[in-house]
Structures are given as C-alpha cells and as structure tokens.
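If you check TrEMBL, you get these features:
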| type | residues | note |
| --- | --- | --- |
| DOMAIN | 90-166 | domain 'PA' |
| SIGNAL | 1-25 | signal peptide |
| TRANSMEM | 192-211 | transmembrane segment |
| TRANSMEM | 250-268 | transmembrane segment |
| TRANSMEM | 274-296 | transmembrane segment |
| TRANSMEM | 316-336 | transmembrane segment |
| TRANSMEM | 342-362 | transmembrane segment |
| TRANSMEM | 369-387 | transmembrane segment |
| TRANSMEM | 429-448 | transmembrane segment |
| TRANSMEM | 460-483 | transmembrane segment |
| TRANSMEM | 489-507 | transmembrane segment |
Amino acid sequence: MAFSFRFIGVSILSCLLLLSSTATGDDDISRAAPANASSSCDNPYRMVLVKLWIDGTEHESIGGLSAAFGSLLSTDTKNAPRLPATYTKPLNGCSSSSFKLSGSIALALRGQCDFLTKAMVAQAGGAAGIVLINDQEDLVEMACPNNSTVSNVTIPVVTISKAGGDVIDKYISTGKKVEIMFYSPDRPIVDYSAMFIWMMAVGTIFCASFWSEFTTSKENDFNEQSPEVIAGGSREDDDKEILNITTKSAFVFVITASTFLLLLYFFMSSWFVWLLIILFSIGGVEGMHSCIISLISSKCKGCGRKKLNLPLLGEISILSLVVLILCVAFAIFWAATRKASYSWIGQDILGICLMITVLQLAQLPNIKVATVLLCCAFLYDIFWVFLSPAIFHDSVMIAVARGDKAGGESIPMLLRIPRVSDPYGGYDMIGFGDILFPGLLVCFAFRFDKAKKKNVLNGYYIWMIVGYGIGILFTYLGMYLMNGHGQPALLYLVPCTLGVCVLLGLLRGELKDLWNYDSESTRVADSLLEDA
C-alpha cells in the first residue's frame, strides 16, 4: 500500500479554509492619529509606549492606548518624564489613595467606577499621570461618560492590557523600584513588512501554479513512471485525490465556516487554539512532505526506489520516511517555540507548503463554480468583519484572529511577518483564505491557458496574477484609510481577480467557454487526438 498524506491536508484545510480568511492587516487595534486635538473629551485615541525601568535599568516597553481626555503625550522620549510607579489604594482608584501619589505615575485597576473618575482622583492626589490596567487582554477605548465634551483632567491617561499589568506587578511585588515613561511616537505610513507579505502571498500562488512544471522531469516519456510514482503511489491514485469543488460544496463551505467561526468566537479558549495548532501542524507536515518529495524526485528519479514495509504505514520509500521524520520534527519545534520572536518563520514555511499542496489538489472546474465560491467568500468576509459588530457588538473575524478570548492566543492559519520600522512592533498578516480562494481561480486560469495553448498576453493567467497583486495593494490602502482597522481582503481581491477574468472573457467572447469549461473532457479530447 503506497504511503501518502495528500488527502489529509486537503481535508484539514477544507474545515478551516474560510475561517482562515482572517481580516488582513495589523495586530494592533488602532493606528496613531495626528496629535492636534485639544485636551478635552475629544482627544484622538493614540497608541502609547509604556517604557519600564527596573531598579534604574531600562527594560521592555508595553503597548498602551491613550484616553479621549487628559493631556496629550509627547511623540518622543526627549520631553517625556521618567517617574516612579505607585499602586493606588484602593486598587480600583475610585477614592482618595492612602498611598502618596505626588510626583508618581498612579497604577489603578479597571472597574467599580468610570475612567474619568479614576483620572480625577489620581490628579487630585498629586499624580503626574495614571495607567489604568484592563481586566482583559485587549486595549479599551476610554471615553468620557454621558457623552461629556469637557474634562478637567490635565494629566496623561493611558490604559494597558491585563498582560501588561501582570508584567509591572511582577516587578513591584518583588520589591523592585519600577519607573515609567510613556510617549506616543508616530507610526510610519507603510512598513517594509507589508512588501514582504505581498511577495509571500503572490509568490505562493505563482509557485502553486507552476509547481507541476517545476517538479516534472522533462526526460519522462509515455512508458516511464513519473516522479510521483517513484515517491510512492501511482498517477491514477493521484488523479483520484484531486478535490473538484462544486457549486453545492461552495454554499456548504460558507455555512459550515460561519458556524465554526461563531463557535470559536463564543467558546474559544487556549485548549481550542491548541487544537487548531495541532491540525495546522498535521497539515503543514503533509504540505512540507509533499513539496520536498516532489522536488527531490524531479531531480533524482531513483532516490525513492528503496522501500520499507512498516506496520500501519504499509509500503513506504526510505526517502519518504526520512523526509517525514524531519518534517514532523520541524513542526514540533515550531509548536514548542511558537511564542519566540522567530516563530513566524516556521509558521510561514509550514503555511506556504500547505497552501501549495492544497492548490495542487483542490481545483475549480470552471468560472461558474468560481463565481459561486468567491462571491460567497466575498460576502462572508465583509459580513464577519464590518457588519457583525451591529449584532455581536464586536468584529467577530478580527476578535477570533487576534485571539481576544483565548488569552491572546491567535489562530495559526495565517502568514505573518514582524513590522521592522514600526516603534510599536507587532506583525503584518494575511489569512490563508485570502491566498487560497483567489489562488484557486489563478491556478484554474493557468490550466485553462495551457489547455487552450494561449500565449502570455492573450491568456488569463498573467492578468489574474497582476490583479491579485493589485488587490493586495488595495487592501493595505483600505487599511491605511481606515486607521489600521483590519480589512476583509476578499473585498478587494475578488473584484481584482474574478472581476478581471469575467471582463476579459466578455471582451474576448470566451466567457461561455470559461463558464462551462470541463478539464476532464478536454483531456479526453486531447488524448483521442494524440491517438489518432
């Protein structure tokens, strides 16, 4: 029995594909606004860096968010004072503190009274500023109560997450002297990481389109086995593993994914995220295994001839077994170190390999099915990012992607890369669904052009790739215009790919052929012509 993981990867990803069409963009809740507002209740919400000194030694910075009231923060460290941090007593900061706050930064916990009251109490106690520690892992927007437009608060007011508060408490509880400086540096309009995200997304689809060309030996003839056969399996077996998407499955996909997304939103926890990590790791191992084996077999046709007969696995080549062990080790290492600063590299490698494999095995038969699938995904993305707050008082897609209800744990089905020129750090990211859905259409265009023997400019593939790249640029433009709010990338990608394909088909008089195209019938017809 030949050893193959291929269909496992398709099955896993089919359950999570639409879920992984996460809102593309930053992992912060806000992009800095211009610091030109007055010190009233209309101040812009600005990202803040809370820099720590422990016993006189500079330590890490914690991300925060300024309030709609209080004084505006400096954009650099030159004019920002460095002051000792002191907890209020009571800790909620709702009444006068029994601890001396004069000349210090007050630390208060959220709850029992409104934010403005806490700030006014701290100011009355002589505090030079106040840091309000949230009881959740996100950053809350602090507005004046009862739609007030006037505030008597003249000290800076900042909120940090529960995790940030735990960091400060760790040092204070051990008797160390903690000093704080907060300031609000401006963020760059575009970070270099956006360019790398663009290259990874476009490059993944490009590689998936040409993968069979890259990995098929030119020396193979009709009577010779292909590299896939040598690696373990037959050409006939591979053809049976192709997942042909139908119109019905496209509708079912959206309904299932919406249900699963709601389950994640209401019941997500750290163990649930670990389940997703395990599923992603299994799919990533399959993807890496498939990509590596096909590459090696295309260059060395005899490498997979030596086989072993193992329990459960059946007959498997030694090459396949060795590669499998290495891939499993890589996935385990990534899962164990996924919170390290370099873990994004392993996640991106596993994800790209998985997507290349899926785009080889899942295929759109024609534009009719593509239209149903992409239009459903288009509406799905818009609803769960922009319209869901009207029902759930929160953007469900963004909340799940950020892991707001899982202790900050985020789902792994996305490509991410650290922002290099942003003072607040963080990651730019794009969901697998934002690559796979348009990628299915682009790969179809490649197969269609090849079957119809079209050249580059008269075909559809090159225009699909260009359209996809432009769609990603529009996504980041939308994110910039909306002050960093996560964007439903398919809002831009579907018109730039499917729209372009349909328009070209109309102009060339080929839309009917694209709409009803049947690749199987085309292969049979070509085979009959060759036999004749």
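Placement of Cβ uses the backbone N, Cα and C atoms for every residue, glycine included.
Where the annotation comes from TrEMBL, it is an automatic prediction and has not been curated.
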>> Given a Cβ distance threshold of under 8 angstroms, which distant residues of the chain, six or more beyond its ends, lie next to the transmembrane segment (369-387)?
In response: 18, 21, 23, 245-247, 250-251, 253-254, 257-258, 261, 395-398, 433, 437-438, 440-441, 444, 486-491, 494, 497-498, 501-502
> How about the transmembrane segment (192-211) and the transmembrane segment (429-448): do they have 3 or more C-beta pairs under 8 A, pairs 6 or more apart in sequence?
Replying inline: yes
>> Please compute the mean pLDDT of the model over the domain 'PA' (90-166).
In response: 85
> Taking a Cβ cut-off under 8 Å, which residues six or more beyond the ends of the transmembrane segment (460-483) line up next to it in the same chain?
Replying inline: 24-26, 30-31, 33, 189-190, 194, 197-198, 201-202, 205-206, 209, 430, 438, 441-442, 445-446, 448-449, 454, 489, 491-497, 499-501, 504-505, 514
